[in-house]
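Colleague: The feature active site is assigned by Swiss-Prot to H69. Residues or ranges marked as active site, proton acceptor in Swiss-Prot: H118. Residues annotated as ATP binding site in Swiss-Prot: Y72, D533, G570. Summarising the annotation, Swiss-Prot assigns Mg(2+) 1 binding site to E116, N571 and lists sequence analysis as the type of evidence. According to Swiss-Prot, the substrate binding site annotation covers S117, H118, N119, H120, R139, Q273, E345, S346, Q347, S573. Residues or ranges marked as Mg(2+) 2 binding site in Swiss-Prot (evidence: sequence analysis): D140, D301.
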Amino acid sequence: MYRKVDVPFELYEVEILDASEEELAKISEEMGLALSVDEMKRIQDYFRQKGRNPYDIELQSLAQAWSEHCCYKSSKYYLRQYLLEASKADYVISAIEEDAGVVEFDDEYAYVTAFESHNHPSAIEPYGGAATGIGGILRDVLCMGAQPIALIDPLFFGNLDTPYEKLPRGTKHPLYLLKGVVAGIRDYGNRVGIPTVAGMVFFDNSYLTNCLVNVGCVGIVRKDRIIHSRAGGAGDLFVLAGGKTGRDGIHGVTFASAELDEKSEEEARGAVQLGNPIMKEPLIHACLEVVEKGLLTGMKDLGGGGLSCVIGEMALAAGFGAEVYLDKVPLKEEGMAPWEIWISESQERMMLTVRPEHIDEVLYIFQKWDVPATVVGKVIPEKITRIYYKGYKIYEMDTEFVTSGPEYCRPYVARKPEKELHEEVEPPADYVKTFMKMLSHPNAAFKEWIVRQYDHEVRASTVLKPLQGKMNFETHGDAAVIKPTRSFRGLAITADVNPWMCKVDPYWGAASSFDEMVRNLVAVNAVPHSFNDCLNFGNPEKPERMGEFVEAVKALGWMAKGVGVPCVSGNVSFYNETPYGAVAPTPSLLGVGIVEDVRKAITSEFKGRGAVILVGETHNEFGGSLYSAVMGQRCHKVPRTSPERLKTYSDAMLESFRKFEVKACHDVSMGGLAVCIAEMSFGRGLGFEAARELSFVELFSESNTRWVVEVPESVAEGYAEFFRAKELKAEVIGYSGGERLDFGAFSVELGEADKSWREGLTKFL
């Protein structure tokens, strides 16, 4: 089925014209294409029309372009139906269409956001997988002409107390993965000089055999310097800038488009890319300089699929084709076959399109920064991609055929609620013991061990940091705030999802995650402005898994349209599944808000001598809650929300910040009101005394659309009345100060609770 072509390098003709379905399946498996028989038959028909067999490089190119990772073949239909309408707003400059979303920041500047997954590589090699995830997301923002200003990293692992002897075969321990991933993010982000300001870490045994590493980036760009991921016109030159091309990252996207198993590490280690932050830093400077001087017509990063995807996509987006001279590509090693060069995903590479009259100046600037840059091709009028290698034509395909991957409307089964919504949840026999267990649970406990490894202050623009409060008393903040320009206008950044809620009910779990994202932005006095999603799910070929995805997407679209917060960019990561099961549905969200004046941003810790007010409504809703996890109770009613209620309360909260002096604000989320108040107390070592006995449901329910606000006692009643006048619920529930957490129903020493919370994660390290 493979015939070596008579050329002075490795090139094979693959005999598919008369191949049977069994032979097509065998070719796909042997070449690592990860294409179905139907997809191979479509390729077979194309080359029958051409009257020839394809070369190996052509089949490999199609495998990259048609992978789940690159063409979204299982998700496009449902994203278009339920979510893409939520990408529209007057202030959105570019959404969904390119590598990153571009949104108006002020009259002069726009901010750029991108959010991706690097799950499979991190499960195989946690340090390298996480590091190259950071490298890739930086390039997504850079290719829009933006200076990266902040990194975000939601991480998901199996339970840290998993006994080694109970690990499935071929699985790395969650503690090893956690340490490797955190080190990879730390070393890459710190060395390239971009602050890591937000994120989350979540532990659940659905991630035991398939951890998730999601990475996000925010950048800033002058509106007149925004550049797009497309060529300018025929005659433009393709310039490959950055790192050399090697055998690392080959079949990265096809590896990411299949389930993991116990053989994955042995078979797919070469699919993990190797990052180099020391090359990335000058590459960023050089790219921004040529953008500032107006020397480029287009720019795009080399991510999934490498050269095989970037050149065709840039050319076709402008209505043209490409001619490539593959032997001009700088290599890390000799002896690479043309197909390996074409699909390698080696890191730190950018593709630029440049008019011929500007090429010398562009190459000089990259030489000045000591970054390799080479002309590797040109844009041609025909919508065809041709590749030459050492004088031989080895590839010729219609660019539209390569980039028009399949699209499936996969069948799905929507999960039905397991029980009636009205369910009884047992209160704890011992309130204090239960509360201390909740505080020390790794999902609620202090994340200082992780946060302190990241430089969140480099670039000197981080106004609100991930940890807030008095030195040595810091607590978790709701969102970071960045001051990206000389004005006092700022960006608030948060990352949110609750996989436990999504596991119980994907629809209401996703809606609750959106609600929490908005709450976190509002809590720091930011107007919710846009969001990105990173949708992590199992095998889409299984109707139950596809049902989880569809329900989550429906919920996000409903919430986004109703609240008026557009989805500007995103990512879908399927096949997060092994023979031992799929990950919990995990629709990670990256939220961005506008802070009109960073000097008026609000932190989460109690300041003392204040009245504590609960804003919002509490219901008996324990599905996916920390309380139900700690107590081992199966609760099925995930907290409800609605875009109308969320919008009404959010607007009222922001108005109240303008009208009243507000000392502190924190959203009520994991652990409910009790854990929320405890976190606010820990930030300055100030206790809390309830004004009345708070009930079990009030303390531990995780109902949505709630905040705890600290105000001076003198304005407390006026503040609560402000909400009541709008027919919204607000109540003075207590006062800050003292050395105890006294909730009426129970009371604990603040120091004991603080110790339990701060040691909840570190006791496993």
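Every residue gets a Cβ built from N, Cα and C, even glycine.
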Colleague: Just to verify a number: CA distance, D140 (Mg(2+) 2 binding site) to E116 (Mg(2+) 1 binding site), in angstrom, no decimals.
Modeller: 9
Colleague: Among S117, H118, N119, H120, R139, Q273, E345, S346, Q347, S573, which the record lists as binding substrate, how far apart in Å are the two most distant Cα atoms?
Modeller: 20
Colleague: Setting Y72, D533, G570 aside, what same-chain residues sit with their Cβ within 8 Å of the center of the Cβ atoms that define the ATP site, listed in sequence order?
Modeller: S75, L79, L83, C534, L535, C567, S569, N571, V572
Colleague: How many whole Å apart are the CA atoms of the residue listed as 'active site' and N571 (Mg(2+) 1 binding site)?
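Modeller: Between the Cα atoms of the residue listed as 'active site' and N571 (Mg(2+) 1 binding site), the distance comes to 9 Å.
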Colleague: Work out the three-state DSSP category of R139 (substrate binding site).
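Modeller: Helix, per DSSP.
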Colleague: Would you work out the biggest C-alpha to C-alpha distance among Y72, D533, G570, the residues that bind ATP according to the record, and give it in angstrom as a whole number?
Modeller: 14
Colleague: Select the most exposed residue of E116, D533, where exposure means the fewest other Cβ atoms within 10 Å, treating these as the binding-site residues.
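Modeller: The binding-site residues E116, D533 were compared, and E116 has the fewest Cβ atoms within 10 Å.
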Colleague: Return one of helix, strand or coil for E116 (Mg(2+) 1 binding site), based on DSSP.
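Modeller: Its secondary structure by DSSP: strand.
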Colleague: Based on Cα distances to N119 (substrate binding site), point out the closest of the binding-site residues Y72, G570, N571.
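Modeller: So, of the listed binding-site residues, the one sitting closest to N119 (substrate binding site) is N571.
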Colleague: Could you measure between R139 (substrate binding site) and D301 (Mg(2+) 2 binding site) for me? Cα positions, answer in whole angstrom.
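Modeller: The separation of the Cα atoms works out to 6 Å.
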Colleague: Report the nearest neighbour of H118 (active site, proton acceptor) in space among the binding-site residues Q347, G570, N571, comparing Cα positions.
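Modeller: That would be N571, the closest of Q347, G570, N571 to H118 (active site, proton acceptor).
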Colleague: Measuring Cα to Cα, how many Å separate D301 (Mg(2+) 2 binding site) from Q347 (substrate binding site)?
Modeller: 9
Colleague: Under a three-state reduction of DSSP output, how is D533 (ATP binding site) classified: helix, strand, or coil?
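Modeller: In three-state terms, D533 (ATP binding site) counts as strand.
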Colleague: Calculate the distance in Å between the alpha carbons (Cα) of G570 (ATP binding site) and E116 (Mg(2+) 1 binding site), and round it to a whole number.
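Modeller: Given the Cα positions, G570 (ATP binding site) is 7 Å from E116 (Mg(2+) 1 binding site).
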Colleague: Quick one: pull the CA-CA distance for Q347 (substrate binding site) versus E116 (Mg(2+) 1 binding site), whole Å only.
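Modeller: Roughly 15 Å, rounded to the nearest whole number.
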Colleague: What whole-number Å value do you get for the CA-CA distance of S117 (substrate binding site) and Y72 (ATP binding site)?
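Modeller: Cα-Cα distance, S117 (substrate binding site) to Y72 (ATP binding site): 14 Å.
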